[in-house]
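Copied over from Swiss-Prot, here are the features:
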- Glu117: active site, proton donor (ACT_SITE)
- Cys3-Cys18: disulfide bond (DISULFID)
- Cys12-Cys24: disulfide bond (DISULFID)
- Cys17-Cys31: disulfide bond (DISULFID)
- Cys36-Cys40: disulfide bond (DISULFID)
- Cys73-Cys136: disulfide bond (DISULFID)
- Cys148-Cys156: disulfide bond (DISULFID)
- Cys255-Cys287: disulfide bond (DISULFID)
- 1-42: domain 'Chitin-binding type-1' (DOMAIN)
Amino acid sequence: EQCGRQAGGALCPGGLCCSQFGWCGSTADYCTVPGCQSQCSGSGPAPGPGGLTNLISRETFNQMLLHRNDGACPARGFYTYDAFIAAARSFPAFATTGDQATRKREIAAFLAQTSHETTGGAGWAAPDGPYAWGYCYNRELNPPSSYCASDPNYPCAPGKQYFGRGPMQLSWNYNYGQCGRAIGVDLLNNPDLLSSDPTISFKSAFWFWMTPQSPKPSCHNVIIGAWSPSSSDRAAGRATGYGVITNIINGGLECGKGWNAQVEDRIGFYKRYCDILGVSYGNNLDCYNQSPFGNGVSVDSM
């Protein structure tokens, strides 16, 4: 096997599709979803990020992440449009699958979920409202531990800590190891790259977004409509929509417990970004009545 869950989440080179069996190719056998695991499209590798720059310009990016470079934000100056676009080149299916509304909705959903993970504004005056303060942080504040777990495949490097870093706040040595293997960077020995190199930092978030972790689908497949809930998903209240993405990311802490401020914050960012991009929200935005997925990579276990 060359890619996907059979190869630690590795991506195929050159934008090739990863089949359900973990092999790289460009024909329908490899690229047809839902069997395809990553870099999927209906007829071979998806186009590169030229389409992405047409959907979200530098000006729009700056409007969406309005206060990321504010003096109150510890990560000011770190997250750039150029790094976002450069990182997307390693994940050519991102925001290139489906019609224009679907592609815009994926951009909104990705930036919304990562904005929640990196949000500022709490505890100080937040001009323009709380949903204009995404991407304020690039590393976890006051981590409670080194996030080092015993793992024969991805052992902790001496003296290194694996607390939350980057847009998706990737945590734990086994997640750094899988991600690093997929993007071709030794993150086990160099975890600080996620808070010092903005392109690698964005790549870590795209890796999480595009990679399914059984029994969870990828966030990408959910937002483009390639995931169909099984009978057990339906019994658990999980239906296609933005709410399932929240479940994938942090369902253990936020889903199936009724209304809570964390889920509302994720929805608030999403609605603001959809409005800026001029696209509808879709259905099933929350996960209040969804049971969490089983074990798998998620921010709450990261």
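Backbone N, Cα and C define each Cβ position, glycine as well.
Cα separation, Cys287 (disulfide bond) to Cys12 (disulfide bond), rounded: 32 Å.
Across the fold, the C-alpha of Cys36 (disulfide bond) and the C-alpha of Cys73 (disulfide bond) stand 39 Å from each other.
Relative to Cys17 (disulfide bond), the disulfide-bonded residues with Cα atoms inside 10 Å are Cys3, Cys24, Cys40, the candidates having been Cys3, Cys24, Cys40, Cys73, Cys156, Cys255. Note: the CA-CA distance between Cys255 (disulfide bond) and the residue listed as 'active site, proton donor' rounds to 16 Å. The separation of Cys24 (disulfide bond) from Cys3 (disulfide bond), Cα to Cα, is 7 Å. Each residue contributes its Cα atom, and for Cys148 (disulfide bond) and Cys136 (disulfide bond) those atoms are 25 Å apart. Only Cys18, from the recorded positions Cys18, Cys73, Glu117, Cys136, Cys156, place their Cα within 10 Å of the Cα belonging to Cys12 (disulfide bond). With a 10 A radius on its CB, Cys255 (disulfide bond) counts 29 other CB atoms from all the protein chains.
Rounded to a whole value, the Cα-Cα separation of Cys136 (disulfide bond) and Cys31 (disulfide bond) is 36 Å.
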